[in-house]
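Let me begin by presenting the structure, written as C-alpha cells, before commenting on it.
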C-alpha cells in the first residue's frame with residue numbers, strides 16, 4: 001500500500017512540475033527583456049542569455065532531484081525580486097511617468113501572491129469553511145484561483161510596461177489605450193521623422 005501512495009505522490013509531483021517550471025522559464029524571459037531594454041535594435045547580449053539558461057537548467061535539475069516546493073518558491077521569488085528591483089529603478093530614475101503602470105502591475109501581482117500564501121497556509125481550514133458556505137460564496141474563496149487571475153493580470157500589465165519602456169527607448173511613440181474603456185492595450189506609433 002505504501003508503494004501505491006509513493007507512486008501517486010510521484011505522479012502528482014511530476015504533473016505539478018508542468019505548472020511550476022514554466023513559471024521559472026517565463027520569468028527568465030521577463031528578466032532578460034527588462035534588463036536588456038536599453039540596448040540598440042538588433043543587438044543580442046549572449047552573457048545574460050547564457051546566465052539565465054544556466055539558472056533555468058540548474059533549477060530544473062535540482063528540483064527534479066530534490067522535490068522540495070520551498071526550493072521552487074525561493075528560486076521563483078528571486079527572479080521576481082530581480083524584476084521588481086529593475087522596474088522600480090527604471091520608473092524612479094529613467095521614466096518616472098511610468099510609475100502608475102509599474103506600481104499597478106506590481107500591486108496586482110503582490111495581491112495574487114498574498115492570496116496564494118493565504119491559501120497555502122490555511123488550505124485545510126479554508127476547505128473546511130467552504131463546506132459550510134453557500135456555493136456562490138465558496139467559489140470566491142478559492143484563493144489559488146485568484147492567485148492565477150491576479151498574477152496573470154499583473155504579468156500582462158508588466159509586459160505592457162516592458163513594451164512601453166523598450167519602445168520609448170527606441171524612440172517610438174507608445175500609447176496606452178483602453179479597449180472598451182477597461183482593458184489596457186499598447187499602441188505603438190512609428191518613429192517621428194526629422
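Glycine too: its Cβ is placed from the backbone N, Cα and C atoms.
Since this is a predicted model, take the numbers as computed values, not measurements.
Features as listed in TrEMBL:
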TRANSMEM  20-38  transmembrane segment
TRANSMEM  45-64  transmembrane segment
TRANSMEM  70-94  transmembrane segment
TRANSMEM  101-118  transmembrane segment
BINDING   144, 148  Zn(2+) binding site
TRANSMEM  145-163  transmembrane segment
Candidate ranges 20-38, 45-64, 70-94 - greatest C-beta contact count to the transmembrane segment (145-163) (under 8 angstroms): 20-38
Long-range Cβ neighbours of the transmembrane segment (70-94) (under 8 Å; 6 or more residues past either end): 20, 23-24, 27-28, 30-31, 34-35, 37, 59, 62-63, 102-103, 105-106, 109, 158, 161, 165
